[in-house]
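Asker: Take a look at this one; I'll ask things after.
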Amino acid sequence: MSSSTIKTLAVAVTLLHLTRLALSTCPAACHCPLEAPKCAPGVGLVRDGCGCCKVCAKQLNEDCSKTQPCDHTKGLECNFGASSTALKGICRAQSEGRPCEYNSRIYQNGESFQPNCKHQCTCIDGAVGCIPLCPQELSLPNLGCPNPRLVKVSGQCCEEWVCDEDSIKDSLDDQDDLLGFDASEVELTRNNELIAIGKGSSLKRLPVFGTEPRVLYNPLHAHGQKCIVQTTSWSQCSKSCGTGISTRVTNDNSECRLVKETRICEVRPCGQPVYSSLKKGKKCSKTKKSPEPVRFTYAGCSSVKKYRPKYCGSCVDGRCCTPLQTRTVKMRFRCEDGEMFSKNVMMIQSCKCNYNCPHPNEASFRLYSLFNDIHKFRD
């Protein structure tokens with residue numbers, strides 16, 4: 001091979017390398033679309049690797065790059081393999097993420113799946129979180145709709161609301177004091193559902209809701225209608241130790257739509273000494289405060305600020321300690337690549353110890369199914 005040919009090949013390789021580097025660098029100025037892209041159900045918006053534009057986060061086993069990052073909130077990262085110059089990689093779960101079990105199947109950390117046509121679920125470090133694919137079934141029907149009911153539509157998975165136009169419309173003001181409950185609502189209670197119908201179009205309160213409903217007039221609601229605002233209590237934490245998930249259902253929003261809210265919770269750190277801190281003669285240690293400020297972690301990201309949270313302790317007589325009073329704090333998290341997001345986090349104020357334990361023995365707890373939910377969690 002002649003020297004001129006070798007030089008030509010060397011120049012070509014150099015130009016190719018420079019081209020790849022140029023494509024992988026960030027622009028001097030950001031130019032983003034006026035409207036954020038619309039993502040598939042369960043897919044969130046994240047900033048690209050240059051910190052410029054919001055893009056739909058890539059999911060497990062999808063191609064990724066600097067401009068198409070993976071979904072950090074699900075514990076995914078872009079794996080470029082052994083190549084240091086690769087421009088594209090594949091979204092993989094971080095190694096520390098734990099798999100999930102659902103319906104006798106194992107799903108990897110960061111994996112998304114549909115257990116049925118009405119839910120889209122994702123495994124996040126041992127916990128399964130789901131979003132509804134039929135939101136119209138969860139929303140409250142128009143309060144001017146007499147005797148509304150959900151009906152199946154041929155060829156569709158989701159049911160739709162229909163109204164009984166032949167019924168006489170009663171005045172809402174005359175029905176505000178007709179709140180009640182009957183046995184037919186037991187199944188709805190089990191499913192954490194809220195419904196605003198009944199005989200004579202009376203508005204009813206289900207016992208799953210811990211507080212009395214309040215009627216609000218909000219000009220943002222459709223046609224300026226009244227909204228019966230109801231919110232369930234937060235469910236118990238999905239894990240007895242370590243980071244878990246707590247949920248509740250509410251329609252306290254501008255559209256009066258029934259939505260599920262989640263928050264991160266930690267009853268106690270895993271590996272917390274059980275009996276070493278008990279005083280002489282004491283059988284329980286109700287509440288313990290972190291000895292030093294710590295950062296909360298979620299999906300491989302850490303809280304921006306440090307906190308000194310309280311945790312629930314343990315007992316030696318078979319009782320278990322669970323949160324009694326809590327509050328919810330919106331917390332900012334930062335990932336290693338600079339991506340930031342906010343999550344609601346449970347902060348314990350006090351704990352109680354009794355024999356009404358969510359599972360027989362916290363020390364031997366391995367598998368826990370969250371009541372009123374379709375999820376399973378594994379430590």
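Think of each number as a place in line: the chain as shown, counted from 1.
Glycine too: its Cβ is placed from the backbone N, Cα and C atoms.
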Asker: Quick test of reading the record: Swiss-Prot lists a disulfide for CYS26. Which of CYS50, CYS52, CYS53 is on the other end?
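Answerer: Disulfide mapping in Swiss-Prot sends CYS26 to CYS50.
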Asker: Could you give me the DSSP helix, strand and coil counts for the domain 'CTCK' (284-358)?
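Answerer: For that range the per-state counts are 0 helix, 45 strand, 30 coil.
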Asker: Under DSSP, is CYS56 (disulfide bond) helix, strand or coil?
Answerer: strand
Asker: Which residue counts does DSSP yield for the domain 'TSP type-1' (226-271) in the helix, strand and coil classes, in that order?
Answerer: 0 helix, 20 strand, 26 coil
Asker: Given CYS353 (disulfide bond) and CYS321 (disulfide bond), what distance in Å do their CA atoms have, once rounded to a whole number?
Answerer: 4
Asker: Of CYS30, CYS70, CYS91, CYS301, CYS312, which disulfide-bonded residues are close to CYS78 (disulfide bond), meaning a Cα within 10 Å of its Cα?
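Answerer: Hits: CYS70, CYS91.
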